C-alpha cells in the first residue's frame, strides 16, 4: 500500500498504509483459518482443490501485506526520506520485487481458479477424472516459481526497480527509453496482468452462461428449480464480484503503465512538482497514478472477502431473510442452509 496525497505532496498521511495493513492482515488471516478448518474436514478432491486455491490466494495476499506495508510506514515515520531508511538502495529493489511478485501471483491464481471453476461446471466428467489435488498443487507451485523468476529479471539486468512518487515506494521503471530491457520488463508485466484479467473475465462469463442454461433445463423439475435458482444467484453474485473487484483494482494501473511505456514517460518526474510550479495536467497524472497503485494494493484486502468471507455473509443474510419470510423452524432452516452451502461449494469448487 502507498500513501495518500492531496494537493501535491504537502499533506500525506501514514493512516492510509497503516489501515490497509491491519485490514489486509485480519481479512487474509481469517480466510486462511476458515480454509484450514474446511480443508481438514473435507474428503472430496474437488472441494480440497478449490480450498487450496483460496488458501494460496489468502497466503499470497497476506505475505504481500507483511513484506511491503511496514516499509512504507517506516518511510512515512522518517518524514518520507527513503534515503534515510535505505541508503544502499537494496530495500528499493526488494520492495519493487515484492510489488511485482505479490501483484502478478494473485492475478494468476484468480485466473487458475476461474479456469478450474469453468471446467468443473462445463466439463464435470473430464474434471472429475483429470483434476486431482496433486495437479492443483503443481499449478500453484508453477505460478509462484514462474512469477518469482520473472520478478528477479531486474537483478540480472533486464528491467529496473526505481523509487516512485511521492517517495514512499518502489516499482518497475517505465520511462527509461534508453534501456530496451526496462521497456521489455515493464510492458511484459502490464501485458501479463491484462491477459490474466481477460482469462478470468472470459472464464467467469462462460461459467455464468453454463449455470444459467443448467437452471433452464432444471426449470421443469419444480422441486429443484427453486434451489438451483438460489444456487445460481449466489454464484452469479460471487463471479460478478470477482470480475468487478479485479478489473477495478488492476485495470487503471496496468493500462496507465502501457500508456507510459508507449509514450516513453515516467512518473519519476512527479518527484519535483510543487503544485502551481507545474501544469495541473501533470498534477492530475501524478495523483491518478498514485490512486491506481492504491487500488492495486486494495485488491490484497478485498480478495478474501470476495472469494470467501463475503460469500458466507451473503449466504447467512439470504438465509435469515428467507427464514423471516417463511417463518420456518430453526431445525428446518439449518438443514436448508447446510444443503445450499454444500450445493454452492460443489458448484464453485
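Backbone N, Cα and C atoms are what each Cβ position is placed from, and that goes for glycine too.
For 14-37, 49-73, 93-115, 139-163, 183-212, 233-255, the entry in TrEMBL reads transmembrane segment. Annotation comment: TrEMBL describes 27-307 as domain 'G-protein coupled receptors family 1 profile'.
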Which of 14-37, 49-73, 93-115, 183-212, 233-255 contacts the transmembrane segment (139-163) most, counting Cβ pairs under 8 Å: 93-115
Averaged pLDDT score, the domain 'G-protein coupled receptors family 1 profile' (27-307): 82
